[in-house]
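Peer 1: My structure is below; once you've seen it, I'll send some questions.
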Amino acid sequence: MVQMENHDTSSTTTTTTTSSSFSSFKTYFHALSDTPHRLARRACSVSTSFEETSRVRAMSGTDMKRTLRWYDLVGFGVGGMVGAGVFVTTGTASRRYAGPSVVLSYAIAGLCALLSAFCYTEFAVDMPVAGGAFSYIRVTFGEFLAFLTGANLIIDYVLSNAAVARSFTTYFATAIGVSTKLRITVHFLPKGFNEIDILAVALVLIITLVICYSTRESSLLNMVLTVLHIMFIVFVILMGFWRGEWKNFSEPGNPKHPGGFFPFGASGVFNGAAMVYLSYIGYDAVSTMAEEVRNPVRDIPVGVSGSVILVTVLYCLMAASMSLLLPYDMIDPEAPFSGAFRGGSDGWEWASNVIGVGASFGILTSLLVAMLGQARYMCVIGRSRVVPAWFAKVHPRTCTPVNASAFLGIFTAAIALFTDLNILLNLVSIGTLFVFYMVANAVIYRRYVSVGTTNPWPTLSFLFCFSLTSIIFTVVWQFAPPGKPKAFILGACTAIAIGVLQVFHRTVPEARKPEFWGVPLMPWIPSISIFLNIFLLGSLDRPSYVRFGFFSALAVLVYLLYSVHASFDAEEDGKLSHNNGENVKESIETEDHKLEV
């Protein structure tokens, strides 16, 4: 009965909001003229965990069903991460950057992912809602940064999902032994947009139907596909250790090329880590399932951290297997694993087809998890009213965000229809690293600042100084020529960062303690995560930053023209609060938490 009342109130509020700022050109132009005042009121307005888990969640009408256990989350995490990326990035990272030490690149990237996963877990346990990073930033840094974060997340999800769907066509052709592309070339379209991929579109639409139907059935499908995929990965690992030669760890195929385990030095290892980190992107989608977990306090830490650790072990073993099969300078960057068997002796070419089948299963699982995640992000963004409330609706029969799922599924399919894979991949990754960086900052801010009772400037000053030192370290590492001056500056940056961190740790007390689960060794672990994310951001190419700047500017424009006015109207109607400095009680003892404890 309470849910129905909330649903009715939400519907009424939506109608009122529409009539207040967007009912006519006159009212809209009046709203635009009032933009500075509305920005001042809404941009830094924060929510609370209590509001996110109660009043804001009720705006979706029907609640999502709590049907997931820790093993479902591990399955989603593994399925979301172990996609086609590892079959592509491993070869490029080994051939161009790290050589055999690509094994260490995966270990470093895995550590970075695990530290970020800790930060996500603290928020997800404290605030088990489907908003993920969007909600976490909203309760710490306010609505505007949350919208910027959410917009980049949605864009990255849609583009990467379109890229993954198109890569399925390539691996499926390998699996069935077809040498020609399963795409239709339209010659009058520009290059890069002229290959029509009907199979990718069909795949996206089918998965959209699955995730609209039921989260529980989606989990079962993901579990089956993930188990099959892991079986193929184990096959690749065993074949590599059986047929490989240990000398390939130190001897290149061409004696003129650098040799040893570290042919490109320490910088090559870290540059390789930046590239293979793309293979870990996907675990953050697990946090968007928090609202559908039966026992968030127990299941979320196991599901998020456990999946990252398991995937790190698998990736390191796969990288070692590939390095054993071929010298690093003979690895095919485009298809490292299947290429190793294709170039082998007679009778082993069939293994490349098997790897194509395994990669196809991986693509299906990663696409399924990512599309589940993107729909839940959009659903919670709709609850905040910065996008139309239509996206927030949860279907009363399926208990899934059908509107958000269908819209983003069709949008993804449209992009996957004609856009080249390389163009899409060039547009992904920087936004995700930016989001991980923001979440690491947010978890420190939330621990040391209580809105309205604690002075935030010591914490903000620390975050600024630590980030600035990390940026200087990264710039010097990337661009300064080797020598003693470079080593001295890097050492000085490291000493300054550790000193600033230690002073902050000793002088600023924590304002709140997590009641159920918190990041250990605070603030060291999230600070290391901040540094690693900045360091990996420094390894990305210029087009990635151009993309990030373009889409961020587009997001700011949307916020100024629509979002700030819609959320201002929702506040006027009493659907959103204005917590911008006053003392707000941070209560996390919701009814669900009490039942679980």
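Any Cβ shown, glycine's included, is placed from N, Cα and C.
Heads up, TrEMBL stuff is auto-annotated, nobody curated it.
Since we're looking at a predicted model, the values are computed, not measured.
Checked TrEMBL, it gives:
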{"type": "COMPBIAS", "residues": "9-20", "note": "compositional bias 'Low complexity'"}
{"type": "COMPBIAS", "residues": "583-597", "note": "compositional bias 'Basic and acidic residues'"}
{"type": "REGION", "residues": "1-20", "note": "region 'Disordered'"}
{"type": "REGION", "residues": "573-597", "note": "region 'Disordered'"}
{"type": "TRANSMEM", "residues": "70-90", "note": "transmembrane segment"}
{"type": "TRANSMEM", "residues": "102-123", "note": "transmembrane segment"}
{"type": "TRANSMEM", "residues": "135-159", "note": "transmembrane segment"}
{"type": "TRANSMEM", "residues": "196-213", "note": "transmembrane segment"}
{"type": "TRANSMEM", "residues": "220-242", "note": "transmembrane segment"}
{"type": "TRANSMEM", "residues": "262-283", "note": "transmembrane segment"}
{"type": "TRANSMEM", "residues": "304-328", "note": "transmembrane segment"}
{"type": "TRANSMEM", "residues": "348-373", "note": "transmembrane segment"}
{"type": "TRANSMEM", "residues": "394-417", "note": "transmembrane segment"}
{"type": "TRANSMEM", "residues": "457-480", "note": "transmembrane segment"}
{"type": "TRANSMEM", "residues": "516-538", "note": "transmembrane segment"}
{"type": "TRANSMEM", "residues": "544-562", "note": "transmembrane segment"}
Peer 1: Between 135-159, 220-242, 348-373, 516-538, 544-562, who has the most Cβ pairs under 8 Å to the transmembrane segment (196-213)?
Peer 2: 348-373
Peer 1: Could you check whether the transmembrane segment (262-283) and the transmembrane segment (544-562) come into contact, where contact means at least 3 Cβ pairs under 8 Å with the two residues of each pair 6 or more apart in sequence?
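Peer 2: The transmembrane segment (544-562) and the transmembrane segment (262-283): touching, no.
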Peer 1: Which residues of the chain, 6 or more past the ends of the transmembrane segment (348-373), have a CB below 8 A from one of its CBs?
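Peer 2: Answer is 76-87, 132, 157, 160-161, 164-165, 167-168, 171-177, 203-204, 207-208, 210-211, 215, 218, 221-222, 225-226, 228-229, 231-233, 235-236, 239, 243, 282, 284-286, 288-289, 335, 337-339, 341-342, 405, 408-409, 412.
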Peer 1: May I ask which of the stretches 135-159, 220-242, 304-328, 394-417, 516-538 has the most CB pairs under 8 A with the transmembrane segment (544-562)?
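Peer 2: When the Cβ pairs under 8 Å are tallied, 135-159 comes out ahead.
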Peer 1: Counting only pairs 6 or more apart in sequence, are there at least 3 Cβ pairs under 8 Å between the transmembrane segment (102-123) and the transmembrane segment (304-328)?
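Peer 2: Yes, these stretches are in contact.
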Peer 1: By a Cβ-Cβ criterion of under 8 Å, what residues six or more beyond either terminus of the transmembrane segment (394-417) are in contact with it?
Peer 2: 60-65, 130, 154, 157-159, 161-163, 165-166, 196-198, 200-201, 204-205, 207-208, 211-215, 371, 374-376, 378-379, 382, 424
Peer 1: Please report, as numbers and ranges, the same-chain residues at least 6 past the borders of the transmembrane segment (220-242) whose CB is under 8 Å from any CB of it.
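Peer 2: For the transmembrane segment (220-242), the list is 71-72, 75-76, 78-79, 82, 210, 314, 317-318, 320-322, 324-325, 337, 340-341, 351, 354-355, 357-359, 361-362, 364-365, 368-369.
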